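**Q** The structure that follows is given in the form of structure tokens.
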Amino acid sequence: MEQEKLGVKTPEYVSLQFQLAGLGSRSAAHIIDYAIIMFTQFLIILFLLLAFTNSFTNFFVGSGESLILAIVLIVIFILNFGYFILFEYFWGGRTIGKRMIGIRVIQENGHNITLLSSIIRNFVRIIDMLPGAYAVGIILIFAHDKHKRLGDITAGTIVVHEKQKKSRQKPLDKYISDKGLRKETLQLESVHLKQFSQKDWHLLQTYVHRIVDLRTQEKDQLTMQVSKILLPKVKDQLTNNALNDEDWLILLYLHLKEEWEY
């Protein structure tokens with residue numbers, strides 16, 4: 001099951017191949033995430049109990065315990081749902097557990113998960129947990145041909161393995177290394193990256209793999225064409241005058257490949 005492949009044709013007519021994440025890898029990621037959530041909850045609740053007991057209880061005579069309980073319940077709710085929603089949306093479909101295991105959530109059409117889809121799939125998690133120990137979710141993941149739990153079915157998402165990087169240095173990697181370019185040179189936030197569609201990524205990916213073998217004149221001409229399409233979307237971030245358009249496109253590629261390359 002863990003090795004099953006899924007072919008997806010995006011709205012931009014780009015064909016992608018994904019390796020579906022099965023029950024084993026999803027369970028391992030889930031255990032890690034919930035260990036983090038439980039530990040965080042313990043620390044926050046302990047802090048609240050100590051703070052209210054030592055400092056504030058006298059101000060809430062007769063209602064102190066109820067206030068503490070209400071705050072604890074709010075904290076538990078925010079952590080159990082907010083953790084997954086925020087990480088999945090702002091970290092490209094990954095949580096800490098998913099990142100460690102090497103899986104991520106994406107839309108079924110191959111795009112990054114949207115905020116609405118993340119909210120839906122994680123609130124439906126309540127049903128997946130029934131009647132206990134994620135029984136509904138486990139049964140559905142095991143039985144569904146795309147290993148979906150109810151939250152995935154409702155939100156239109158799938159969980160896939162991330163593409164493993166090969167240890168041998170490729171010509172493109174050497175080309176980038178020889179130019180001394182590092183991803184950190186270009187500071188881009190999630191809001192900047194979300195301006196680029198999968199069609200943009202496919203164009204940029206094709207460009208960077210072609211320039212390695214092109215002659216200078218051909219490379220300059222192609223760079224000019226591609227930069228006119230892509231660089232205006234992040235023009236406010238291009239502040240280093242020592243870099244040229246080719247450098248900026250390569251740096252943009254280093255950022256976007258974490259979002260789009262599987």
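Here the Cβ of each residue, glycine as well, is placed from N, Cα and C on the backbone.
As annotated by TrEMBL, domain 'RDD' applies to 20-156. What TrEMBL lists as transmembrane segment is 31-52, 67-91, 123-143.
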**Q** Residues of the same chain, at least six outside the transmembrane segment (31-52), with any C-beta under 8 angstroms of its C-beta?
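**A** Residues 60, 64, 67-68, 71-72, 75-76, 79-80, 83-84, 95-98, 100-101.
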**Q** Looking at the domain 'RDD' (20-156) alone, can you tell me the average pLDDT?
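**A** Overall, the domain 'RDD' (20-156) comes to a mean pLDDT of 87.
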